[in-house]
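Over in Swiss-Prot, the protein carries these features:
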BINDING   ARG27, GLN28, ALA29, GLY30, ARG31, ASP78, TYR155, SER210, HIS328  substrate binding site
SITE      ASP78  site 'Transition state stabilizer'
Amino acid sequence: MTALKNDRFLRALLKQPVDVTPVWMMRQAGRYLPEYRATRAKAGDFMSLCMNPELACEVTLQPLDRYPQLDAAILFSDILTIPDAMGQGLYFETGEGPRFRKVVSSLADIEALPVPDPEQDLGYVMDAVRTIRRELNGRVPLIGFSGSPWTLATYMVEGGSSKDFRKSKAMLYDNPQAMHALLDKLAQSVTSYLNGQIHAGAQAVQIFDSWGGSLSAAAYQEFSLTYMRKIVDGLIREHDGRRVPVILFTKGGGLWLESMAEVGAEALGLDWTCDIGSARARVGERVALQGNMDPSVLYANPAAIRAEVARILAAYGKGTGHVFNLGHGITPEVDPAHAGAFFEAVHELSAQYHG
């Protein structure tokens, strides 16, 4: 086991003392970086990049090489690898985003879906995790991730992205038995997939419930949170002599933090619509918090970025249990220098809140 040179991120998730607030950024390996665009061009297309462990490793490390302040790496992959491995036929349409050649519309469709084996069916992801861990050589921890069952189900039922989730919600209310069967199979798949990533070397994992906030409060409890709890219950929580923290992120889930805090994850991700000080008052005794700057702040000048970082740090207050991040992923049009100003500000301005 390679010793971690920087374990600030893991310590904050476990609410252990840190010198400064750790920072990383969702989609930190992405289109805003010219070096990422060059590697993607070399790969040919997005899925070819995801499925090449060496190139996935290359783009995972690019932001760390550019920004020495980053306290974690996140596996470069896509949340839709699981449905693709179930035989749904993932492809990307220019300007349309992800699409599936097969759509799930009945209980018979769901019963025919396999639960993918991480090494057999998603070996390229496990190989990428192993390659990244080797190349990181203990520089920072590596985060693995998956989409949540509800979020994956929406893509599988809709056949791709959706603005209104018409088919998914129709199935949820018209045929809850079918939706529960799909979510249960996805929960098994996600548990197996994340455990595979942990075995391969992921030192923390995040569940992205990107579309949980589209649900009513009652439907969120029944059709999203229930299945994330099943996953958390089934995850490997100790590996290589260390706790493997779990981060739960429901975009639009700010009203439900108390319920989310009961699931057993070490941390909750917050989107930018939450006040982090209020969130800490509500659930900070039970969980660490990750977030939550509006990604659009990165379009502003470095002084404005710094001011917003200062505001969020002050809102959280003194002590550990905060991982600074955006409230969602960085957008492709952001100037890379502005991301650098963000990371620098977090470390420079947060020292006063620790020690």
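Note: Cβ is positioned from N, Cα and C throughout, glycine not excepted.
Distribution of Swiss-Prot features across the structure.
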residue: ARG27; record: substrate binding site; contacts (Cβ under 8 Å, 6+ apart): GLY329, ILE330
residue: ALA29; record: substrate binding site; contacts (Cβ under 8 Å, 6+ apart): TYR36, VAL59, THR60, GLN62, PRO63, ILE74, PHE76
residue: ARG31; record: substrate binding site; contacts (Cβ under 8 Å, 6+ apart): ARG37, ARG40, PRO332
residue: ASP78; record: site 'Transition state stabilizer'; contacts (Cβ under 8 Å, 6+ apart): PHE46, MET47, CYS50, PRO98
residue: TYR155; record: substrate binding site; contacts (Cβ under 8 Å, 6+ apart): LEU80, PRO83, PRO98, PHE100, SER161
residue: HIS328; record: substrate binding site; contacts (Cβ under 8 Å, 6+ apart): MET26, LYS251, ASP271, TRP272, PRO295
